[in-house]
Amino acid sequence: MVTAAVRAHAMVMLLLLSCSACQAQLSSTFYANTCPNALGTIRTSIRSAIARERRMAASLIRLHFHDCFVQGCDASILLDNSPSITSEKFVTQNNNSVRGFEVIDQAKSAVENVCPGVVSCADILAVAARDASEYVGGPSWTVKLGRRDSTTASASLASSQLPRFTDSLQSLIRLFGSKGLSERDMVALSGSHTIGQAQCVTFRDRIYNNASDIDAGFARKRRRHCPVTSPNGNGNLAPLDLVTPNSFDNNYFKNLLQKKGLLQSDQVLFSGGSTDSIVNAYSRNRSTFSSDFASAMIKMGDIEPLTGSAGIIRRICSVVN
């Protein structure tokens, strides 16, 4: 026979589990009481940075993406090397490529002045990506908040779980799928390449290999500032979208239809495979792309966040407290 004490204990455990589940949920109103000016403070800082350098919008979106794919959205990408941490900043996919760290630091400093020790670096990355998209004419979305910051980083996971510019379509599908993202999510997120720039070293092979999946005139034009012999011009930049490089639109997909994807990992999205129809749809309908991009960014922001009592709130984003 179940005693009253046992029933009471079971009820307490149920309440604790329920509370834990509530605690683990991200919420758009997470800082409504603890730091009501957080989002406005971040937005001001992000807009100022992009006003100074338009390219920064693409960099901030990418920074959030490269964070979420390694250990989840926990700001691990922001951690510097230390005796106990091997930074993710120096793996092949990030080194001399991922940027915008100082912008996140500035936003964090501004928020710390308003409400110290409350807002996580991981949440600032998520909000910054949304504000960056909106500032350059892309979609906006409601950012879910409540992530906490990791006390660790993983260079090995960054090396194995971040996409590479040489990846095949199947490799990309597997990688995104391992993070709970569909093919449609993957293509939509790749559309962020409608803004930003890439270094010559990332597209040199593509523009010189005379393959059938690149427009000859496009390749010739790109060769002007990307010499054939490495390391000459390795860091020279070219816009990922030649048509409207500073505006968030759907020209990226129109370029793929014309075999004018700058990176190999871009062009494989329209190469006779399973994602061709998605690229076609986005090339015809900008609003469909924008809507799907916003949805995919929300979904990406949900990847394995630290919540509740897990993780910490870093005072400085590059170091553990």
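Yeah, the Cβs are placed from backbone N, Cα and C, and that goes for glycine too.
The signal peptide annotation in TrEMBL covers 1-24.
The domain 'Plant heme peroxidase family profile' annotation in TrEMBL covers 25-321.
Sequence-distant contacts of Cys115 (disulfide bond), defined as residues of its own chain at least six apart whose C-beta falls under 8 angstroms from its C-beta, comprise Tyr31, Thr34, Cys35, Asn37, Ala38. Residues annotated as disulfide bond in TrEMBL: Cys35-Cys115 (among others).
The site 'Transition state stabilizer' annotation in TrEMBL covers Arg62. Other C-beta atoms found within 10 angstroms of the C-beta of Arg62 (site 'Transition state stabilizer') number 21, with every protein chain shown included.
Marked as active site, proton acceptor by TrEMBL: His66. Within the same chain, residues at least six positions away from His66 (active site, proton acceptor) with a Cβ under 8 Å of its Cβ are Ile77, Glu88, Gln93, Asn94, Val98, Ala158, Leu162.
Taken from TrEMBL, the feature Ca(2+) 1 binding site covers Asp67, Val70, Gly72, Asp74, Ser76, Glu88.
Counting every protein chain shown, the Cβ of Cys68 (disulfide bond) has 29 other Cβ atoms within 10 Å. Summarising the annotation, TrEMBL assigns disulfide bond to Cys68-Cys73 (among others).
If you look up TrEMBL, you'll see Cys121-Cys317 (among others) marked as disulfide bond. For Cys317 (disulfide bond), the Cβ neighbour count at a 10 Å cut-off comes to 22, with all displayed protein chains included.
Feature annotation from TrEMBL assigns heme b binding site to His193. There are 25 other Cβ atoms within 10 Å of the Cβ belonging to His193 (heme b binding site).
Of all the Cβ atoms in the protein chains shown, 16 others lie within 10 Å of the Cβ of Thr244 (Ca(2+) 2 binding site). Summarising the annotation, TrEMBL assigns Ca(2+) 2 binding site to Thr194, Asp241, Thr244, Asp249.
Marked as disulfide bond by TrEMBL: Cys200-Cys226 (among others). For Cys200 (disulfide bond), the number of other Cβ atoms no farther than 10 Å from its own Cβ, over all displayed protein chains, is 21.
Neighbour counts of Cβ atoms within 10 Å were taken for the binding-site residues Asp67, Asp241; the minimum is at Asp241. Sequence-distant contacts of Asp74 (Ca(2+) 1 binding site), defined by Cβ-Cβ distance under 8 angstroms and a gap of at least six in the same chain, are Asp67, Ala122, Arg147, Arg148, Asp149, Ser150, Glu304, Pro305, Leu306, Gly311. A distance of 14 Å separates the Cα atom of Cys200 (disulfide bond) from that of Asp241 (Ca(2+) 2 binding site).
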